[in-house]
């Protein structure tokens, strides 16, 4: 209605011209009513499907990001890392990775959701830029993995050594170490004697855990096949290699973990390709919505 009133007012202001035969020429707006009030472009059914599919696609990753964020915050709160006296080790807390990943995924996915739902070029361009940035970081990380494999092995060994040292202090690190040792049937980094570096398992430490290893190192960590025997590794470091070989795994986890990663190279590559495909699909849908909002000629 407002567009019609503006058109009518402009019709009144436009002068009429006549030719020699007395014919009256119509104003330009009357000859072409769409010049001032263009008819809005109605998106096709395919465009509407792409728009709602992009919304649902980003909504799924928004929920996954919020789930990762909730897990990270819950882990930090459960361990008291967010208290005033626990902020110092916060930077080395693995739960911080869940928080950062959840925040990044949630922010980008929320921009994609709102951009697709509201047809907002600004949000869609932010979404495209963020996904491109993530893709660039992934490519850079892959190149670094190939170029600095030896340094990464050393960094992995240092990280595992830190896990051994903080085994009793960090519940999530303890869970991670136990799962690795149980799954790979290994103990320590290079051998089971690496647990002597832990202040609680060292033979000079006070308490019943002195000269011991975690129960996840045991050949049979179960008592009667059903109940977990948490004391199966007690006193193992006093037995010597022959005696310890009947109780725990003697080999370290670094070699076992390297062999496992080499055997899973195909699965890791497939997962990376799937991640790139997911990002590419999201970007293509965002580009399609942007094209429907602003035609190609409007981008020039």
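In case you wondered, yes, glycine gets a Cβ from its N, Cα and C as well.
Under the heading transmembrane segment, TrEMBL lists 55-77 (among others).
The feature transmembrane segment is assigned by TrEMBL to 97-117 (among others). With a threshold of 8 Å between CB atoms, the same-chain residues lying at least 6 positions outside the transmembrane segment (97-117) that come near it are 51-52, 54-55, 57-59, 61-62, 64-73, 75-76, 123-124, 126-127, 130-131, 134, 282, 285-286, 289.
Counting only same-chain residues 6+ beyond the ends of the transmembrane segment (123-147), those with a CB under 8 A from a CB of the stretch are 58, 104, 107-108, 111-112, 114-116, 272, 275-276, 279, 282-283, 286-287, 289-290, 293. Residues or ranges marked as transmembrane segment in TrEMBL: 123-147 (among others).
Counting only same-chain residues six or more apart in sequence, the Cβ atoms lying under 8 angstroms from the Cβ of residue 187 (disulfide bond) belong to 181, 195, 213, 216, 217, 248, 249, 250, 251, 252, 253. Here TrEMBL flags 187-203 as disulfide bond.
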